[in-house]
Amino acid sequence: MPSTTLSTVLSDINDFVVKQGHGVKGLSELGLQTLPNQYVHPPEERLSSMDVVSDDSIPVIDVSNWEDPKVAKLICDAAEKRGFFQIVNHGIPIEMLEKAKAATYRFFREPAEEKKKYSKENCPTSHVRYSTSFLPQIEKALEWKDHLSMFYVSDEEAAQYWPPSCRDDAVEYLKSCEMVSRKLLEALMQGLNVNQIDDSKESLLMGSRRININYYPKCPNPDLTVGVGRHSDISTLTLLLQDDIGGLYVRKLEHEAWSHVPPVKGALVINIGDALQIMSNGRYKSIEHRVMANESNDRISVPVFVNPRPNDIVGPLPEVLASGEKPVYKPVLYSDYAKHFYRKAHNGKDTIAFARIE
């Protein structure tokens, strides 16, 4: 692209990246030599090598035998002590994982004119949203990431509204994650003295599902920005499929240090969300995590968020409090909690205070 055109783009980043639908991917492909000021984050929000614990990582759990009590114990221990773990031999074929990744690339390689059909301004449903950064309209510093978010209601709605370039593989992958989610939650509920997930519990734990596809293009100055800022998820569980590039970092519980989550072929990264932290009365931990930008490679990831339904009341489960344990959190309407999360830029775990009993 001629330098004059590049200068024009840089003079109005919001128009090019957000309104025209090019995203940060389009910005990266201009051949930038330096990071635009809009993406420069304050030093305290950047991650340096001094902050990373190199000899520490989250557990990798073989779940080939879901019925083994030892597997359930490993899952519960990881949820209590780390909030993050990886699972292997989970039953989703490698071929399906690869198809989900390929679908991600297909969508983001579409022309900007096609992608922007799914922006807030253009898409006829709020259940599908193409965007860049997290909340670009209010953030002081933008995140180096594009994403497409798809809230699943039915196959019929997906067929009508989800992008054709990724729809079929995204729906298939999302459905394949349902069994894994259920098995994980069965194990986690055992640790909370919940012996059976009945219909009401199932709705509360996994009543709604959302799949995102994320694209992190290579960045000219990755040390000055973030792929995703510090945050915890508001889900019950998140199941993350990452590629082989790496870049996800997790805060160590009660420490300022961070651990890298190395890609493991065929694995899914599992993390506890705020909703499950609240339901477990703090026993299971929803942990801050972040994504670093990369100078050499484009990176993708595919998270599936397993959530309560918007009209569900989320609070400590009765089984958790049955022994007389004092509640740490008050019951909250899940849609109110979600609105609180989306009110401002990523800022660690501050959203959980919305439900905490003072």
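The backbone N, Cα and C atoms fix where each Cβ goes, glycine too.
What Swiss-Prot records for 200-308 is domain 'Fe2OG dioxygenase'. As a whole-number mean, the pLDDT of the domain 'Fe2OG dioxygenase' (200-308) in this prediction is 96.
Residues annotated as 2-oxoglutarate binding site in Swiss-Prot: Tyr216, Arg299, Ser301. In the three-state DSSP scheme, Tyr216 (2-oxoglutarate binding site) is classed as strand.
If you look up Swiss-Prot, you'll see His231, Asp233, His289 marked as Fe cation binding site, on the strength of sequence analysis. DSSP classifies His231 (Fe cation binding site) as strand under the three-state reduction.
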By a simple count of other Cβ atoms within 10 Å, which of Tyr216, His231, the binding-site residues in the record, is least packed? His231
Please report the distance from the Cα of His289 (Fe cation binding site) to the Cα of Tyr216 (2-oxoglutarate binding site), rounded to the nearest angstrom. 16
Quick check: which same-chain residues outside Tyr216, Arg299, Ser301 lie with their CB within 8 A of the centre of the 2-oxoglutarate site CB atoms? Lys145, Asn214, Tyr215, Gly227, Gln242, Asp243, Ile245, Gly247, Val291, Asn294, Asp298, Ile300
